[in-house]
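Quick notes on the structure that follows.
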Amino acid sequence: MQHLVLIGFMGSGKSSLAQELGLALKLEVLDTDMIISERVGLSVREIFEELGEDNFRMFEKNLIDELKTLKTPHVISTGGGIVMHDNLKGLGTTFYLKIDFETLIKRLNQKEREKRPLLNNLTQAKELFEKRQALYEKNASFIIDARGGLNNSLKQVLQFIA
């Protein structure tokens, strides 16, 4: 079995689904944003504000290469922009959690939105969301309809890997 890699826009449910998949499949769960945050000693928002997005993307790219060297399969929850890296291919079986922008914003309360620097301006966030759709689809081994909630997404992933 390869790594199971969850991609999609911020707030699509990647972190929650990763935890459920890890439990169901008895696999360790890794979260790329959390790993970067712990290593740098700053939250993702603080990294963006203090070090800039370019540095954050460099940390992401390096982490992808590092994760490729792991010998055992993991469930990997990724940041929303990870699809901008060419080295994502080959990391594992990739599941795109597809959701519409309106549902995504409804799911995220104000506190959650404040943690996500790219959601500061909803007009710009929607433009980014639309721009990334093609990248998510291009990088996906499978597309998961994430509008139906966590249990529905879990069932879809488990069916694809059965």
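Just so you know, glycine gets a Cβ as well, placed from its N, Cα and C.
Site annotation (Swiss-Prot, ligand substrate) includes Asp33, Arg57, Gly80; from Arg107, Arg132, the additional listed residue is Arg132. Each residue contributes its Cα atom, and for Arg132 (substrate binding site) and Ser12 (ATP binding site) those atoms are 13 Å apart. Comparing C-alpha positions, Lys14 (ATP binding site) sits nearest to Gly80 among the binding-site residues Asp33, Arg57, Gly80. Residue with the densest Cβ environment among the binding-site residues Ser12, Ser15, Ser16: Ser12, by other Cβ atoms within 10 Å.
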